[in-house]
Amino acid sequence: MCGIVGAVSERDVQGILLEGLRRLEYRGYDSAGMAVINGESSLRRAREVGKVAALADAISANPLSGHLGIAHTRWATHGEPSQLNAHPHMSGERLAIVHNGIIENYQELRDELKTEGYVFTSQTDTEVVAHLIGKNYQQEGNLYNAVKTSITRLRGAFALAVVHADEPDHLVVCREGSPLVVGVGIGENFIASDQLALLPVTDRFMFLEEGDIADIRKDQIKIHDRDGQAVERTITRFEHGSDSADKGEYRHFMLKEIYEQPRVIKATMEGRITETRVLEQALGTSAANLLENVRHVQIIACGTSYHAGMVARYWIEDLAGVPCSVEVASEFRYRKHVIQPDTLFLCISQSGETADTLAALRQAKKAGFRAALAICNVPGSSLVRESDLVIMTQAGPEIGVASTKAFTTQLTALLIFTLALARHNGLSEQKEAEIVQAIHLLPGQVSDVLALDAEIEAMSKAFMDKNHSLFLGRGSQYPVAMEGALKLKEISYIHAEAYPAGELKHGPLALVDSEMPVVTVAPNNDLVEKLKSNLEEVRARGGELFVFADRAADVKPEEGIHVMQLPSVHEITAPIVYTVPLQLLSYHVAVLKGTDVDQPRNLAKSVTVE
Ligand code: AGP
């Protein structure tokens, strides 16, 4: 969604803010803006519709030099993408604000402020906050107090950064429901909605807690919690290389991230498994205790993370024999649910900031689940902080909106978790060893699939002029087919639907003709013979098949059946390996179609609003 950056420094902050915005652009990208204060004399602002590059051009024509500034990339919620709706918003000529999140009572506040004579130039909820702080500033004569008073009137989710030209040596920031991190520098300090924005200037971060309000000066950071108590927040160091946000030799972040998978899958398993066993302690000191009496697992997630949860259900029921339910967070949070005794609540999220997933977690904590476990990729995110037990994936920053390495590392973490749970439920040492050994083979097997890239690229040409496609899988490969369909639709804009192959003749078969490519994942498992019959059904209707099949599955290429042979893999780890060719296929189709692969239209990387 939207991204925030702010800086206070001895040096000119314009370049720092612009680079921060570039790094946040993946979150939301319909407009961008910046406000900079140069001494007490002036507050200057620039806003442009479109990408950060448009703002950079505007600023290079009319520089906004100064030592204190805030900046924003916007993903429209209230009001169309336009210059007037772009942040920063101002109250008068001297106060500016950037905001992430949604102010639910903005209409009521807007009406109130209008009757007091405030004039609105945008349709946003943010401008309401600007005027509210502006009004309180007039009464308090102090920016910190004005922000503190104002936020008591706000309902909804927000992270705010505010500056005033009369107080040119600090910015005031706060968070309630939207992420905000303070970047700690030497003789300069920064804020951002994501630490990634600040990696060129610091690797030390403090994550604000819900309700925190902070006064950020170049040589001082003061934080108060929602009760007004002065608090210290721990400084953590960013662990990944600061070049994680660069494309390097790759044409797109998505391709780079696909290729990083052997390394990050390895990083995710490291320290958590021996040659033959899962190290339960490595999942957290409380893991053994928590897992001992789990009788049911409720998985909650959105999008790609939901697909990871769907795969995990097969594993959890198969290996641990524990019943498992999986639901998308936006549905779960709005229905009454029956909680079975000793249910573990498991949230999966790359960002750890997805609004629906967090809302579901917060409900669950009140509802009496046994404990909350998070599988997450962003240290310090809200999900991580609010869960009882956390298994971090080690994917490193994922910039492409289309999730790739986050998914396969989520699956790796979920499989390790499943084995730990299964051990409490009678999984034999022999079976555990067999699967752990299969996990160790994953980085090499994924590399083998990446070696098929050129062939997959050639295959992708067949999809270029198609408007629809079907993805088929059976068992734990059904969610893999769902993930493949999601990848294709989100970056190539080709309509793609996934079905369990056995469902084909219950309806979707009617759609099959030569214009409907059918993609199928076919590892060599108990269901492969049944899957082959499903493929015959497609072929008999003139459908063109693209089959990713285990060498040993003996799926024969013939007219209308394109077969790509994959290495033989263990049935349990197959969903991880079979995801990769589908990622590459979507990527190449999107490149051929010339879409914006890393920032597909209408989508944002981190969905921090409902
Ligand atoms: C998929 O490629 C998307 N990026 C999207 O479906 C994503 O998985 C979803 O928004 C959930 O995000 P999260 O994992 O950060 O919670």
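Heads up, the Cβ atoms here are built off N, Cα and C, so glycines get one too.
Source: prediction; values computed, not measured.
Straight from TrEMBL, the features:
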type	residues	note
ACT_SITE	CYS2	active site, nucleophile
ACT_SITE	LYS605	active site, for Fru-6P isomerization activity
DOMAIN	2-219	domain 'Glutamine amidotransferase type-2'
DOMAIN	287-427	domain 'SIS'
DOMAIN	459-600	domain 'SIS'
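Distance noted between the C-alpha atoms of CYS2 (active site, nucleophile) and the residue listed as 'active site, for Fru-6P isomerization activity' is 10 Å.
Summary: among the active-site residues (CYS2, LYS605), the fewest other C-beta atoms within 10 A of the C-beta are counted at LYS605. Look at CYS2 (active site, nucleophile): DSSP puts it in coil.
Assigned with DSSP, the residues of the domain 'SIS' (287-427) fall into helix, strand and coil as follows: 65 helix, 28 strand, 48 coil.
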